[in-house]
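Here the structure is laid out as structure tokens; the discussion comes afterwards.
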Amino acid sequence: MLFFALLLKVTWILAADGGHHWTYEGPHGQDHWPTSYPECGGDAQSPINIQTDSVIFDPDLPAVQPHGYDQLGTEPLDLHNNGHTVQLSLPPTLHLGGLPRKYTAAQLHLHWGQRGSLEGSEHQINSEATAAELHVVHYDSQSYSSLSEAAQKPQGLAVLGILIEVGETENPAYDHILSRLHEIRYKDQKTSVPPFSVRELFPQQLEQFFRYNGSLTTPPCYQSVLWTVFNRRAQISMGQLEKLQETLSSTEEDPSEPLVQNYRVPQPLNQRTIFASFIQAGPLYTTGEMLGLGVGILAGCLCLLLAVYFIAQKIRKKRLGNRKSVVFTSARATTEA
């Protein structure tokens, strides 16, 4: 009963409309959130664009330690279409180490883009978005008795952000969720998922991450989140992404409204500091920047080759001229003799 009550509070705070109707676009879209939810206009909002040349390396940042995430558990997990995202409940036996306090898991959910789009993540790294993003939500159970109490306190929540890109093969871990989406096609529908290792949803290596203070990315946008965004990415197949983009509806019945593009745009950093657990090996370039760099290098090489060619031609002509002069002088000397 206690867990069910906790789940309701999680749903109310992190996914429900709190008494107001909100969407990602249109008259109730994210540009208008601050009207009904003042904290959405705050100066410590999430998500953000992480510029790696501006982050601060902190050697004292301990590694994130997910406890219990690799255990299968005994109880099925609730999967819910709340009209804004697909949300999976997590048992309180899951918690994080490596943070200032004990943070207990509550739920996870996904953000993605339009059908056919490869840009649907909320956080960006060097202005580059990925196909989707997984958020794993925790609350400070050491200091507060409930998630609803912790949600309005500084660093009351801790959220793990996992960027998801498209790879060549399917990811079996994500199929635990994606294979059930047809059962919750419409808003407010729920189903059960057999217990599985939640850790398999994460990237294999968790040592490299970014850390900053931010907010919930949906109303009421409480500025109470200690964010950890992993540098390594998880991968799903194109078919799995299409299933995520094409299955769900944000409405309760037909005519249905596709549940797509459920991500908030990056918010101003406003002098906040982003810490990194690792030293950047070098500048990280976006695809466009890499393409521009490649074109620039090719153009430079072409100019260099042309310059060498013209210099060689000039030297060759000069040598030919000198040779003719020598021949002419020799012939003249012979005649005079």
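From the backbone N, Cα and C atoms, a Cβ is placed for every residue, glycine too.
From a predicted model like this one, the values you see are computed outputs, not experimental measurements.
For the Zn(2+) site, Swiss-Prot records H109, H111, and the single candidate of H95, H123, H135 listed with them is H135.
Neighbour list (C40 (disulfide bond), Cβ cut-off 8 Å, at least 6 residues apart, same chain): Q30, W33, P34, P219, P220, C221. When the Cα atoms are compared, N213 (N-linked glycosylation site) and H84 (active site, proton donor/acceptor) turn out to be 24 Å apart.
Of the listed recorded positions, namely H84, N213, C221, the sparsest Cβ surroundings within 10 Å are found at N213.
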